[in-house]
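Annotation comment: TrEMBL describes Glu79 as active site, proton acceptor. Residues or ranges marked as divalent metal cation binding site in TrEMBL: Glu38, Glu86. TrEMBL lists Glu38, Glu86, Glu96, Phe97, His98, Lys105, Asp106 with the feature ATP binding site. Among the features that TrEMBL reports, substrate binding site is placed at Glu79. Per TrEMBL, transmembrane segment is recorded for 65-85, 106-128.
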Amino acid sequence: MDLKETNKEKMDAIGKNPNFLASVKHALDGIQTILKEEQNMRCHALLGIIPLLLAWYFQCSTIEWIIIIFCIFLVVIMEFLNTIFENVVDLVTDFEFHPLAKKAKDIAAGAVLVTALFSIAIALIIFLPKFITFYF
Ligand SMILES: Nc1ncnc2c1ncn2[C@@H]1O[C@H](COP(=O)(O)OP(=O)(O)OP(=O)(O)O)[C@@H](O)[C@H]1O
């Protein structure tokens, strides 16, 4: 039996999504898992509410709303990618220490941090002038 046939047999054993609805269900399971298992994701999701409330309070323009929502999604998506990397690294290393595993995880975490700092900078650009005009 060649490698291709062996791989096909393994894939058959895992099974493929029979239809679109099954794919959506698995995607929703993924979202549920990350919210349940990743404290950072819950933290980002909660913090994301603050700029939305501020945007509502200061009656932001449509373009400002779009930029704010885009920044929130960017951080959330980076957290998804970070979690994927962490899981794949744990799968490959089987939780054994490896300098490359540390490098990969630290870089993935760095990507989340850079995105979060970028979003904070955008929030300051949008909200700081509004705060100043509103309160002073
Ligand atoms: N297999 C490994 N080999 C070497 N270092 C590792 C390994 N796994 C994790 N580390 C180090 O430990 C840190 C914490 O790893 P862990 O998997 O707990 O991430 P985490 O705390 O869930 O990260 P995050 O806060 O980004 O969600 C990593 O950032 C990395 O520096």
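Glycine residues also receive a Cβ, built from the backbone N, Cα and C atoms like all the rest.
Just so you know, TrEMBL annotations are computer predictions that nobody has curated.
This view paints the features noted in TrEMBL onto the structure.
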{"residue": "Glu38", "record": "divalent metal cation binding site", "contacts (Cβ under 8 Å, 6+ apart)": "Glu79, Thr83"}
{"residue": "Glu86", "record": "divalent metal cation binding site", "contacts (Cβ under 8 Å, 6+ apart)": "Lys105, Ala108"}
{"residue": "Glu96", "record": "ATP binding site", "contacts (Cβ under 8 Å, 6+ apart)": "none"}
{"residue": "Phe97", "record": "ATP binding site", "contacts (Cβ under 8 Å, 6+ apart)": "none"}
{"residue": "His98", "record": "ATP binding site", "contacts (Cβ under 8 Å, 6+ apart)": "none"}
{"residue": "Asp106", "record": "ATP binding site", "contacts (Cβ under 8 Å, 6+ apart)": "none"}
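Close contacts with ligand 1, defined as a Cβ under 6 Å from any of its atoms, occur at Glu86, Phe97, His98 among the recorded positions Glu79, Glu86, Phe97, His98. If you look at the transmembrane segment (65-85), the same-chain residues 6 or more away from its ends with a CB under 8 A from one of its CBs are 34, 38, 40-41, 44-45, 48, 51-52, 55, 104-105, 108-109, 111-112, 115-116, 118-119, 122-123, 126.
Residues 40, 44, 51, 54-55, 58, 60, 64, 67-68, 71-72, 74-75, 78-79, 81-82, 85-86 of the same chain lie 6 or more positions beyond the ends of the transmembrane segment (106-128) yet place their CB under 8 Å from a CB of it. DSSP assigns Glu79 (active site, proton acceptor) to a helix. With respect to Cβ neighbours within 10 Å, the recorded positions Glu79, Lys105 differ, and Lys105 shows the lowest count.
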